[in-house]
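This report concerns only the one structure given below.
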Amino acid sequence: AALQVLSAPNLLRVGSNENIFVESQDHVGGPLNVKIMVKNHPTQSKELASKSVVLDQANNFQAMTQLVIQRGPLVDDPKQKQYVVLQAQFPDRLLEKVVLVSFQSGYIFIQTDKTIYTPASTVHYRVFSMTPGLEPLTREIFEDQEVAKNKEIAVSVEIMTPENITIFREIVNPDKGVKSGQFKLPDIVSFGTWHVVTRFQSTPQKTFSSEFEVKEYVLPSFEVSLTPAKAFFYVDDNDLTVDITARYLYGKEVTGTGYVVFGVITTESEKKSFPASLQRVEIKDGKGVACLKKEHITQTFPKIHDLVKQSIFVSVSVLTEGGGEMVEAEKRGIQIVTSPYSILFKRTPKYFKPGMPFDVSVYITNPDNSPAIGVEVEVTPDHAKGVTRANGFAKIPLNTVASATELVITVKTKDPGDPRQQTGGGTMKALPYRTSTKNFLHVGVDSNELKIGDPIKIDLNLGPTTIPNHDLTYMFLSRGQLVKVGRFKRQGNALVTLSVPVSKELLPSFRIVAYYHVGAADLVADSVWVDIKVSCMGSLKVTSTRPKASYEPRRAFSLTITGDPGAKVGLVAVDKGVYVLNSKHRLTQTKIWDTIEKHDTGCTAGGGADNMGVFYDAGLVFETNTAKGTGIRTDPSCPVSSRRRRAVTISDVITSMASKYHGLAKECCVDGMRDNTMGYTCDRRAQYISDGDVCVQAFLVCCTEMASKKIESKQDALLLSRSEEDDDDDAYMRSEDIVSRSQFPESWMWEDTNLPECPAQNKHCESTSVIRNNFLKDSITTWQITAISLSKTHGICVADPFEMIVLKEFFIDLKLPYSAVRNEQLEVKAILHNYSEDPIIVRVELMENGEVCSSASKKGKYRQEVNMDPMSTRVVPYVIIPMKLGLHSIEVKASVKNSGSNDGVKRDLRVVAEGVLVKKETNVLLNPVKHGGEQTSHIPSGVPRNQVPNSDADTLISVTAGEQTSVLVEQAISGDSLGSLIVQPVGCGEQNMIYMTLPVIATHYLDNTKKWEDIGLDKRNTAIKYINIGYQRQLAYRKEDGSYAAWVSRQSSTWLTAYVVKVFAMSSTLISVQENVLCTAVKWLILNTQQPDGIFNEFAPVIHAEMTGNVRGSDNDASMTAFVLIAMQEASSVCEQSVNSLPGSMAKAVAYLEKRLPHLTNPYAVAMTSYALANAGKLNKETLLKFASPQLDHWPVPGGYQYTLEATSYALLALVKVKAFEEAGPIVRWLNKQKKVGGGYGSTQSTIMVFQAVAEYWSHVKDLKDFDLNINLEVAGRASVTKWSINNKNQFHTRTDKVNSIDKDLTVKASGNGEATLSVVTLYYALPEEKDSDCESFDLSVTLTKMDKTSHEDAKESFMLTIEVLYKNSERDATMSILDIGLLTGFIVDTDDLNQLSKGRERYIEKFEMDKVLSERGSLILYLDKVSHKLEDRISFKIHRVQEVGVLQPAAVSVYEYYNQKRCVKFYHPQREGGTLSRLCLGDVCTCAEESCSMQKKGEPDVQRIDKACGAGLDYVYKATVVDSKLTTHTDTYTVKIDLVIKPGTDEGVEGKNRDFMGLAYCREALGLMQGKTYMIMGKSEDLHRVEDKGLLQYKYVLGEQTWIEYWPSQQECTSRDYREVCLGIDEFINQITTFGCPV
């Protein structure tokens, strides 16, 4: 017999192309016309899609056709599942299935140009929008023109802060599925993880998001990677080694020091270090090795077995050789194990076919969840063996016994490299496939992992069967869609082999389902799940057109992009340093497939418990004309366990350290006799000895009795420094000819390109190419170029990143902090790299910037000359003070002597105000319904007192609609108990109605609340059948006049007739109810039972009084009238036309009840009357609520619990009718808690009324979700009001506003219906709290003392540098710390002193860097094993001046713990206290004065006066008298009276007025200004500064290096011989300037 089949995915997507399959297997005869339809569920009142197909010989009586399900009446409510009815109308029968639907329109993937951003930078994003079939979402892909025309393809893009405030939103229309956009981050932002949230405009409830990080950072110049020797630590292991690799981003190896610590991450995700594991590792040529020993663990955790299943982390901080930079890395997931492997039966079916092969597919992982490769596996019962492949899988076929009732599989692993024989095991149980005919089918695939283009060899083993020839159908499913189907006829053979190539549609994995049928009832099926190697459906590759090992900055290059013809390709080039900081948020092909695989409808590895289980587990609905069909899927997602992922974080704080020394007492004595430069007592020195009492005693005895002898050593000076012009200028390239590198984008090449279609002569080409020409940026790094394509035929493809190394043989790496605080001194480092094979001499120049005080200020540049070894790195430090807010460039140029090699770097330093970013958040819940329909909220600004003056501040405002509406929607009563109400009506006219009520109210309730799945979606057809039976049976008790009684012979009952009207009116939407049947009953009630005053009387009470509720109780006149009136009201929509007297009759009844209501005493009658009046629009809510319980949640009726239920239900209906949902909520909650009896509520009336009331409530609150919320935002000082309107269509979009200040009061007014949250986030800079120092962790003091005599043969002067450091912690000493000591230019360090400090028992420093002559370093690095927290540690050594330098810049000393790079910095200088650069300050406005002193001119010839007064840049010439002076340790201020303006300058009208002139304290002697004396002062415009003081603009004069100061003798002095010539010269000069001006 033929088998007719309807099959489709068991989760259908609305609005997308879906493949539906129909066939007739073993069909004999002519063509078949089949109509496929999709209708709404449960009523099937609307057709949502349809298509007709013809099954014939040509298509093998099979057809797979595409349908697009229209949205129609479907509502995408996340809390409510939606179903459709899928039908296939064959000529002789209808096949139908209820199918769950999804509103997933497709996929959106988001690429950002980077993974991490700084404030004020620009985020570039690219949106890729696709259909579920991975085609670009365009209108062209839909066959149906009407569908295509109406298809919404727009995508909304939102940028959300870590507080989930949307601060940017736009709607984009992707072109060919791709659209780029950008967003500039504000200057003041919240740090943390931000989100790009996208959604299809057609289904805004479904979001797709991508993340990026925002923080303040500087890109590192090298990366550190950690490779453990093993992925686990076995409890019996003695050690674990970790290889450290440090490599510059441009590929060269790093030399330096690594600080390593190991620890464990506990089960509570808490990190605990092993203090004993702290170690310093030498990194040479980019490599180092760290070692964790078992005793390191057991010193902290004696019972190592307690740590099993917890994971070890290793944290490494690598400091470059010259101390120029430190980079951190961490490796996690090294599990402590008793067995090294985990065994998962990941793709092994749960069911086997007795007597047929069974494929065991095991996945073996290391403890870090990575695949374990090459592990030997043994499987019992067969003792079959296998070995895991590169993906960690091993596939082992087992033979099964035909009589087996279960299959217990045990897998054991063996590690040949491990002496412990057995390393792990796992067990699973498989059950037999259920079949009534003993027919089986086994589908086997030869490979565990395939790639596109590979042939799949599919073995179909049918085993012994009595039917020799029959059709066998196979289907391929991937990504939740039917992809291809086929069929062949079996010709008696038991094994059939198919070979099908793997096509792109099957990525990333697919299922093969095969089946045949035996006779009418048995269908035999099997399936298998097959994984495909992660790859693109098509191809995309980026290569260099002319490949090279490395490229130079700014040079031209050419890329070839090859991929799928016609694809759109998005490009971006990213500095590899970005991924060193954050590689988490990159869009990769694996991430894409992971997302898509989540939407796979199949849930198991293959097979099934029985034939329909095979289809269901594979993700299919399957219905046939003979065999039973699949169950109905009710959950869109599979019950899968989540995959654990490895996380990477920065190093955590190390809390303690341990350091032990061993030595002989004799050595201790020798050490005690050594000289000590710190001047410590013997007792204090002995505190540094940790060799035990024996050593301490020996040390003290020798120290106190012996004198020491100084040992001096010689050291050559190679550091040469000049600030003046060099004699050998010709040997260097002029700095003006060096063009500095200044373009250092972290990403660029953000562009889209289209690959050409195939050429006409080769229309089926596999790929096409395009060439892009460009110029490299200025960075020395590795650029990673990522390309992502989207093709209409091959979907989305992320190419492997293409790397371009950019490098020069000699270059500068200028290290600047992310930001610097205005007026705070800091050190920046220029790192010189020499990658040539020769030693070089380099001239380095710091260029002047007027806004930054440095040694280059007022001189144009500051020069140094340094020697460099081959293949070496050199640090040149500079001390600067930024003077103004904003971005200011720091430029360093360098050229190699007698060579063309040179480089220049110009980077911007961000100068910020003093202050800390503060964030304050306020949330206001807007729910106007709870505030009488209108809500007003005031949010005062409250300007903080500590805000930094004139600094940026922002207020971000956002409004997000709540998921719920203003009313808390109560859950409907669970439908699971209603199954027992679906019964077949029987009995007399009254009993029949009792029973008919049950399926009617169950169907009414489950239809309204969409809860059919609680009792079974297929039960609705049964319920409808029973309602029809009840209806037909009741007609037998209908009298000719339309009335009803228990028997036709009995007198008609008013109540029963009214009840029939009520139930039939309710049924009329479910079955066909004749209008005259309903309306003649209504007419009978009006004509025969209603009295002139409107009351309805009962003349023949029903026999089954229990079915009427409390209608016969007190106030029964009102109860009966209300009951009949309600029945009429419910039937009025059907009967108004045919029963003319109906409106008048209802009006009379309403009038009677209105009059009667105030006098009623029975709560039951009040509730029922209230509902009848509510239907007429005349509810008196006050009266109704008066009879409620104190909690206002139910209406107690004396005499029966069922009456209370019924009365409460009528009250609920009345309140719902007038939309009083606030009051209705507690009532539903109360009803929900009441105990049901057999699915109902004890009596007919209480059951029908409770379910009717709750259904009515639910259907109304559903409509409440139509938001209608209006919000007005008023900002103080802003003329316009911002207005937002939230409705159902736009409720998922966030509204935002921004106020560029924090001193504006906000007023929010909300009206209408709905709930929303208003969030206000205020960001501003607060003044830091007063503190003596920025040093949070250390106290540091640096003093430089000149020695009486030199102690080095080349020294011009010798100094003792003393550094005292204390760790500011009350509990512990600092662990391994680094003291970075900058050296003054022209000075060398005394290495004998350093050797003494670092050797012997009493080591004050653990190590110092002296691989080369020390003066070749920019700084001296001292490594300290600890820093005391009780007593200041002192380190003293001599430094010698061996070279005279024109301008000597201060040097910096910094100290920090290796894991916390927040440094404590102090400066030193031979002449300046605190080593500060020279500045002159008035209030908070400062001027750089880093220059030589001006000398008072004495007896200068006239010509020099004229030259000076008329020279370039000279501003003024004054005769001035000093009237006052204020002298301080740093700045001297002279108040002078301007007696005569000889040459006027910028400062107008100054004659006769006082002005302040400022000079440096150490220039006091050179200036020689005395109070009461008069001077000629000439100054340049650059020494004149305009400042605001108390609101007044005034000029401040600086006595700088270029200022002319000459004593002006008094009249009396001019008569003396000493001054006569000077006075004549001055008179001549004044005459020349005032009469003739300056010579041209």
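Cβ coordinates are placed from backbone N, Cα and C, and glycine is handled just like the others.
Looking up ASN164, ASN834 in Swiss-Prot shows the N-linked glycosylation site annotation sitting on ASN164. Within the listed segments 254-264, 661-671, 1376-1386, 1420-1430, Swiss-Prot records region 'Properdin-binding' for the stretch 1420-1430. Note on the domain 'NTR' (1493-1638): DSSP counts are 42 helix, 60 strand, 44 coil. The Cα of CYS1510 (disulfide bond) lies closest to that of CYS1623, out of the disulfide-bonded residues CYS1135, CYS1488, CYS1623. Looking only at the recorded positions ASN164, CYS668, CYS682, CYS695, CYS703, the one with its C-alpha closest to CYS603 (disulfide bond) is ASN164.
By neighbour count, meaning other C-beta atoms within 10 Å, the densest spot among the disulfide-bonded residues CYS603, CYS1079 is CYS1079. DSSP classifies CYS1464 (disulfide bond) as strand under the three-state reduction. As a summary of secondary structure, the region 'Properdin-binding' (1420-1430) carries 0 helix, 6 strand, 5 coil according to DSSP. The shortest Cα-Cα distance between CYS1135 (disulfide bond) and any of the disulfide-bonded residues CYS668, CYS1464, CYS1563, CYS1614, CYS1638 is the one to CYS1464. Note: the CA-CA distance between CYS1335 (disulfide bond) and CYS853 (disulfide bond) rounds to 23 Å. The predicted model assigns the region 'Properdin-binding' (1420-1430) a mean pLDDT of 86.
For the recorded site, CYS1488 (disulfide bond), the DSSP three-state label reads strand. The DSSP secondary structure for CYS695 (disulfide bond) is helix. When the alpha carbons of CYS1464 (disulfide bond) and CYS853 (disulfide bond) are compared, the span between them is 21 angstrom.
Of the listed disulfide-bonded residues, namely CYS853, CYS1510, CYS1614, CYS1638, the sparsest CB environment within 10 A is found at CYS1638.
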